[in-house]
Amino acid sequence: MTSAYDKLHSTLDVKAFGRVAVLYGGKSAEREVSLKSGAAVIDALTTAGVDVVAIDVGDDLLARLQSEEIDRAFIILHGRGGEDGSMQGLLECLGIPYTGSGILASALAMDKLRTKQVWQSLGIPTPRHAVLASESDCLQASTELGFPLIVKPAHEGSSIGMAKVNSAQELVAAWQDAAKYDSQVLVEQWIHGPEFTIAVLRGQVLPPIALGTPHVFYDYDAKYIANDTQYRIPCGLDSAKEQELIDLTARACDAIGIEGWGRLDVMQDEQGRFWLLEVNTAPGMTDHSLVPMAARAAGLDFQQLVLAILAESVATRG
């Protein structure tokens, strides 16, 4: 990774990026995280000499993009309206190149159910699941999947609305809570074992990170607030298992069509088998975030990481 980036950096002219809009903030439930990510990206690009226009995305976005004469966009919006294909579609219509995955991959990755269906169709391991739309669905899932289970809104990130449940009564309550965030709610089998997160950048898989938290799972607090979350790089797997995880990550990303950069969350069960949970096409870039951590392990500082992401928009979209 370092040598590949060094080659890129040696020929990189930041002026060639033109006027870059950093799109951040927005109206999703992940707005606060996006504001922090955006501030870090804006600082890194500005320090590197890039001509940056910071746009906290609101109702005036179209007018801003047109009046500011934007040449390309760095999308650091998290959640709906930024990560789900809609922003990518707008930028495509305006002819503005942008970072990250395209319309289809963004929409697929934002939809946890569709992501799982694609992976299942290709024999890529992902936990058994059910869709919840009623109390009777909860009871049926209890019977078919057993406990413990984890409940998730289908289109939210940052672990928003998620809950681990150990009984049918808890499942009904968790479904009702998750439904406040999303009309579509999933429940998955709980995988007992360590969790890993793996970042991808410019077609390469970065060093996997093993996660440890005293929380029930790697929730919003553990991701962005708590100081007791543990991160291990190297991840502690033997070389064969780590390569298996890297290969599985590449295969899973190819199945969805991930471009530029992203991050995959994976569990390992007590038998050593890996299970894919979800993929994130615009991961966090805060001081607690995992992609910058993985990039550092690969030899890239934060500014180099941000420039590499932006440079990929030139390679893929001109």
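Placement of Cβ uses the backbone N, Cα and C atoms for every residue, glycine included.
Now, the feature entries from Swiss-Prot:
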BINDING   142-197  ATP binding site
BINDING   D265, E278  Mg(2+) 1 binding site
BINDING   E278, N280  Mg(2+) 2 binding site
DOMAIN    116-311  domain 'ATP-grasp'
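Structural mapping of features recorded in Swiss-Prot.
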residue	record	Cβ contacts under 8 Å, 6 or more apart
S142	ATP binding site	L149, S167, A168, L171
A163	ATP binding site	I150, V151, E170, A174, D177, A178
Q184	ATP binding site	L113, V131, A133, P153, A154, H155
I191	ATP binding site	P127, M267, Q268, D269, W275
D265	Mg(2+) 1 binding site	E195, F196, T197, L276, L277, E278, V279, N280
Cβ neighbours within 10 Å, counted over all protein chains: which one of the binding-site residues E170, D177, E278 has the most?
E278
Can you check what DSSP calls D265 (Mg(2+) 1 binding site), collapsed to helix, strand or coil?
strand
Starting from the Cβ of N280 (Mg(2+) 2 binding site), draw a 10 Å sphere and report how many other Cβ atoms land inside it.
22
If H, G and I count as helix, E and B as strand, and all else as coil, what does DSSP give for Q184 (ATP binding site)?
coil
With an 8 Å cut-off on Cβ-Cβ distance and a minimum sequence separation of at least 6, pull the same-chain contacts of E156 (ATP binding site), or say none.
A29, E30, G79, R80, Y181, D182
According to DSSP, folded down to helix, strand and coil, what is S142 (ATP binding site)?
helix
Cβ neighbour count (within 10 Å, all chains shown) around L149 (ATP binding site):
27
